[in-house]
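Report on the following structure.
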Amino acid sequence: MLEWLWALILRYHQPYAYFTTFLTYSLNFLLLYLIKYKSRGDFGPYRNLLKYLAIFNVIYSTAHSLILPKVYGGQYYFFVVPTGALSDFLDQQGQTLLGAIISSLFGVNNTVLAIHFVFRYIQICHSHRDRLLRGKNQLLWFAIVLICFGIWMVTCVNLVSPAPEKDVYLIDFETFSNHSLRNRGYVGPAYWITSNSEVVFNYRDMFGMLSLSCAACVPLNVMCFCGYKTYQGMKRTVGSPKTKKLQRQLFISLVVLTTIPLMVIYGPMTLLFICPAFGINTGRLGLLYHCFLVVPPFFDPIILISFITDYRRQVQRFIRDYTCLKSLGGTHLDRITSYSASKH
């Protein structure tokens, strides 16, 4: 009944990815401009962290457009298959590496947001330790992201990578997507495999998914703890009304750009990870994530610009000035046309 929907998603997967990448570039470079030229001194070192978020969004969206991962699940498995232009020039190991890269970028997105919560927590509740947020100490937070990225990469490449007993599950995806999957690289778990004509549990992939689940849960716990402590600390913060207002705006924007993707994207994605372990066939529902995986990179700057007053007013000023210039240009052109007509 939904064949038309799956066909539509597959047909427009590539142009949709390119369009969202264009949105990501436009909005994040606008955000970088606002951060650099329109941020007050009250932002402090958090301004640099906002820059890093915008840069990460650009990197993630670019990688997604080049790799074009397709997500597909079955009764016992859940695979991420790279189908972009880069995969045509690589062997199976190279394609598996591409799948691991895009999966790892998706995974560390929460780590990046968790670091934002830690920054806010230190700024509000432990301002005497703000040296941890300045100068060379900022490399520590960058190192944490790299370490988490490395954990995801190692796990994807070594524990949920292609295996002969898993390749048989690609037949369904190959038939459906019209992609030749001969020697195709992919990442993802097959919780149950066939061995000696019997379906047996795949401990290797299960251990890999447990490792990735732990890597994903740690940032979530950090966000919950730091978010709660920051909210409590903001009630006791002493400062000017403008500073306190800005702190509220930064906190609310951070909560919104975290909770909405968690509920709409990461939560349902977790179900797609878990269901095959219990033999529940997710079918082609994974294909819907072609539409959602690219949303966070351009969703983040929209939320930040909308909730931070200085940024929102500047964008409104841009739009107002552009509208005025367009109106004046049209009026000037009408006058020239009328003058030329009267001459003739």
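The backbone N, Cα and C atoms fix where each Cβ goes, glycine too.
Record features, source TrEMBL:
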- 16-37: transmembrane segment (TRANSMEM)
- 49-68: transmembrane segment (TRANSMEM)
- 97-119: transmembrane segment (TRANSMEM)
- 139-160: transmembrane segment (TRANSMEM)
- 206-228: transmembrane segment (TRANSMEM)
- 249-267: transmembrane segment (TRANSMEM)
- 287-308: transmembrane segment (TRANSMEM)
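The stretches the transmembrane segment (249-267) and the transmembrane segment (97-119) are in mutual contact, each linked to the other by at least three Cβ pairs under 8 Å (pairs 6 or more apart in sequence). Long-range contacts of the transmembrane segment (206-228) within its own chain (CB-CB distance under 8 A, at least 6 residues past either end) are made by residues 107, 110-111, 113-114, 117-118, 120-121, 148, 151-152, 155-156, 158-160, 189, 191, 254-255, 258, 262, 273, 277.
Sequence-distant contacts of the transmembrane segment (16-37), counting only residues of its own chain at least 6 positions beyond either end whose CB sits under 8 Å from a CB of the stretch, comprise 47, 50-51, 54-55, 57-58, 61-62, 64-65, 68, 290-291, 294-295, 297-298, 300-302, 304-305, 310-311, 314-315.
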